[in-house]
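Engineer: Here you go, one structure.
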Amino acid sequence: MGSCGSVGSVRARYLVFFQYLGTDFNGVAAVRGNHRAVGVQNFLEEAAKRLNSVEPIRFTISSRTDAGVHALSNAAHLDIHRRSGLPPYSPEVVTQALNTHLKHRAIRVLKAFRVPSDFHARHAATSRTYLYRLATGCPWPDQLPVFEQNVCWALQTKCLDVAAMQEAAQHLIGTHDFSAFQSAGSPAASTVRTLQRVSVSSGPASPFVLPQESRKLQFWTLEFESQSFLYRQVRRMTAVLVAVGQGTLTPTQVKAILDSQDPLGKYQARVAPARGLFLKSVLYDDFGPTS
């Protein structure tokens, strides 16, 4: 799987899975030339310099996430050029070296794989799953434990009509034009996507909630699976499903919003906060986790 790179070097391509807490970052993508903003990619590429590649290492990210969005597992491919006569690094060495030299503790490399020289982390992905965390029973933001404030959306409502949310979610499953749920600035050539799965369920209890608060606070989890998503599609679908759960919208109205293909409507223009969103997984046919 090695190939010739620049004169006197051999190129090896790797697929790397990594996770991060997105609170401190301006998204996953590298920010060039602005020292006040920084992306997760900036730290990964800085750490990769210690691998002594003949040519600069650039990470090609599978799934771009916005500022404040987290990832349990994102992916990227990168090329490492070693001088002629030196064998390619093992995936284990790449993983260890990156983790050793990462300068931000909110980023961790999970695993690396050797892949063919034409492998592309974004185009080869067969499935992406996003998870969104909600909390109910929070009349005031300061009633949410500090450990949860950057990793979920605290709702003032005491409960959600989960059955109605599940019914509304069924209208989103399948192949549709999701224009109504796309934010401006998307580079996508087509707004048609196939949503394979949407689930709404009671989330696990938070270990950070004190016993005297546990009766008031409840956590919920939304999951969305597709091969790819439009810009902010998940956060906009989440906002609409929450409106259904609060009784502001009906499941039938969600279908009407989808069919309208209008991204500027009253309800679908709302975007759920970034802090509750996690990229849960990126799947490939031959590499990485299988579920």
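Cβ coordinates come from backbone N, Cα and C, glycine included.
TrEMBL labels come from automatic prediction, so no person has curated them.
Below are the features listed in TrEMBL for this protein:
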| type | residues | note |
| --- | --- | --- |
| ACT_SITE | D66 | active site, nucleophile |
| BINDING | Y130 | substrate binding site |
| DOMAIN | 19-122 | domain 'Pseudouridine synthase I TruA alpha/beta' |
| DOMAIN | 168-285 | domain 'Pseudouridine synthase I TruA alpha/beta' |
Engineer: What is the separation, in Å, between the Cα atoms of D66 (active site, nucleophile) and the residue listed as 'substrate binding site'?
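Structural biologist: With distance taken Cα to Cα, the residue listed as 'substrate binding site' is 13 Å from D66 (active site, nucleophile).
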Engineer: What does the DSSP secondary structure composition of the domain 'Pseudouridine synthase I TruA alpha/beta' (168-285) look like, as residue counts for helix, strand and coil?
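Structural biologist: For the domain 'Pseudouridine synthase I TruA alpha/beta' (168-285), the helix, strand and coil counts are 34 helix, 31 strand, 53 coil.
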Engineer: Just to be sure I understand the packing, how many Cβ atoms besides its own are within 10 Å of the Cβ of the residue listed as 'active site, nucleophile'?
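Structural biologist: Looking across every protein chain shown, the total is 18.
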Engineer: Taking only the residues in the domain 'Pseudouridine synthase I TruA alpha/beta' (168-285), give me the average pLDDT of this model.
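Structural biologist: A mean pLDDT of 92 is what the model gives the domain 'Pseudouridine synthase I TruA alpha/beta' (168-285).
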Engineer: Could you list the residues of the same chain, at least six apart in sequence, whose Cβ is under 8 A from the Cβ of the residue listed as 'substrate binding site'?
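Structural biologist: In sequence order, the residues whose Cβ lies under 8 Å from that of the residue listed as 'substrate binding site' (at least 6 apart) are E223, F224, E225, F229, V234, L277, F278, L279, K280.
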